[in-house]
Amino acid sequence: MIGRTHMNGTVTEETIGQAVQLKGWVQKRRDLGGLIFLDLRDRTGIVQVVFQPENEQAHRLAESIRSEYVLDIKGTVVQRENPNPNIPTGQVEVVADEVIILNASKMTPFPISEEAEQTSEDLRLKYRYLDLRRPSLQETFRLRSKASNIMRNFLDEQDFLEVETPILTKSTPEGARDYLVPSRVHPGEFYALPQSPQLFKQLLMVSGFERYFQIARCFRDEDLRADRQPEFTQVDIETSFMDVEDLYAMMESMMTRVMKETLGKDITTPFPRMPYAEAMSRFGSDKPDTRFGLELIDVAEAVTGAGFKVFDMALESGGEVKALNVKGAADQFSRKDIDKLQEFTAIYGAKGLAWVKVTADGLNGPIAKFFDEAATARLVEATTAEAGDLLVFVAAKASIVADSLGALRQKLGKELGLIDETVFNFLWVTDFPLVTFEEADSRFYANHHPFTMPRREDLDKLETDPGSVLAVAYDLVLNGYELGGGSQRIYERDIQERMFKLLGFTEEEANEQFGFLMEAFEYGTPPHAGIALGLDRLIMLLAGRTNLRDTIAFPKTASASDLLTAAPSPVSDAQLNELSIRTAVKQS
């Protein structure tokens, strides 16, 4: 038998009485006293097939069939006696006339169903080709394909050109570590896999393309987290002569279409905007989740004079005292529970987590004794606290207060059910500092990358007060995740040279690394700006998943290993000799 008349998921009541030919995998087999039932699965769904004893040849073969066998079946669609309302094909079944076993299967190491979620992820990654058979994962990749095509079509309608940029490129010292590729024809020299197409897309603007996009593969040798992978995909966009307001509007239109055509959700535009400083002050994060409140509250004035030394010392040294008001949670948290919260904030540098519970009579807790009636009134007013609320405090330098309370806010939001998981809140975070000073290195680092344009009105401060200079940079945030980041780019050589100098490059180093770019700026480079959206992360959020690996067909583990192919792996001495390489493995 060859051919296929129907996909399994399309065999519904409209096909009753029709002869069909189906192909697929056996999801489940049941032998019920003569009748044998199979659930046959393909990429569109599952349909029940019944083998009757009267058809001896097909019935005999069905007795030998097991889960995940690949079958070719001919039969007739009939009304099902016991319908299954949970699946689209549940009103019908196929009475088998003929069956061919196209391939048998060993017993799988885990069930090809949602029960596999209980299996260790390492085992599922080792047998990724089996894990990918699960309908929920296949649905995620259909979503990914659809979203990619929506964005590609949208950008094509806006007259953007899709241009591929090099994968073998030049190593640069900024950002994460590069993945290096040795050159055989240039012994001792290396290419780098691109961390982004940043330089090439800017050069395409110099080339006069004006509007570019690419669904680009990027590579960063950095420590992994649940939402990071060493190789990832971004929707990369660059445009000339478009001001930032127009770029915002274009991206909002694109995301509106993605949300509508994938999830059927309408979202409101324009997206809210929030300066970086406000995001850090209110939410303790530059990617705030605005689906719930529980904002950080500055209580410096309220606690001044209370006499609690920890607060006083933090304020005297230029730090902050901020609080979270966990509404109605006083009775939910025991001292032991609060100790666990303190251990959590310690991860982010907080040396302690002070707390009080608000009662009808005032305050209760370890630091309540420091608050007299007047101080209690000030604190209650500052935090809008009521009886039954739990107030938690961190006193430290601003960065530690933001990091620790911001992380605690997110943790409590999830654990207390404060987040509406059906909501998608987009947000532009703007006005980032251009650079950050790292005390450990005694130097400035670019907050985004070295090619980000400072605000024109701040250029005079680039050498004298660089820490106060703001960038024309913006991040698109969705539900507490950075979905993408972009900026207006430097396009004048003198500003780029000043930026490199600020970042600690000597003139020689800047020319060696980026001389080609600065020379290009001397040939009539237009003003340009762009953005890159993380496709893997976008799909993770659209699909309601929490692990980025679920959106990548063949992902790496947290240790950057591929358990399926056993990569990375040693290579032969002959290969190394051909590349003029000798390995020297560090002893751990």
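Glycine residues also receive a Cβ, built from the backbone N, Cα and C atoms like all the rest.
Annotated L-aspartate binding site per Swiss-Prot: GLU174, ARG220, HIS448, ARG489, in sequence order, evidence recorded as sequence analysis. Annotation source Swiss-Prot lists region 'Aspartate' at 198-201. Positions annotated as ATP binding site by Swiss-Prot, on the basis of sequence analysis: ARG220, ASP221, GLU222, GLN229, GLU482, GLY534, LEU535, ASP536, ARG537.
Nearest Cα neighbour of LEU535 (ATP binding site) among the listed binding-site residues (ARG220, HIS448, ARG489): ARG220. For GLU482 (ATP binding site), the same-chain residues lying six or more positions away in sequence with a CB closer than 8 A to its CB are ASP286, LYS287, ASP475, LEU476, GLY534, ARG537. The distance from the Cα of HIS448 (L-aspartate binding site) to the Cα of GLU222 (ATP binding site) comes to 16 Å. Within 10 Å of the Cβ of GLU222 (ATP binding site) there are 14 other Cβ atoms, across all protein chains. Sequence-distant contacts of the region 'Aspartate' (198-201) (same chain, at least 6 residues past either end, Cβ-Cβ under 8 Å): 165-166, 169, 172, 212, 214, 236, 238, 449, 451, 514, 517, 530.
In the three-state DSSP scheme, ARG220 (L-aspartate binding site) falls into the coil class. Looking only at the region 'Aspartate' (198-201), the predicted model's pLDDT averages out at 97. If you measure from the Cα atom of ARG489 (L-aspartate binding site) to that of GLU222 (ATP binding site), you get 25 Å. The DSSP secondary structure for LEU535 (ATP binding site) is helix.
Per the record's binding annotation for ATP, residues ARG220, ASP221, GLU222, GLN229, GLU482, GLY534, LEU535, ASP536, ARG537 show a top Cα-Cα distance of 19 Å.
For LEU535 (ATP binding site), the number of other Cβ atoms no farther than 10 Å from its own Cβ, over all displayed protein chains, is 23. Its own atom aside, the Cβ of ARG220 (L-aspartate binding site) has 20 Cβ atoms within 10 angstroms in the protein chains shown.
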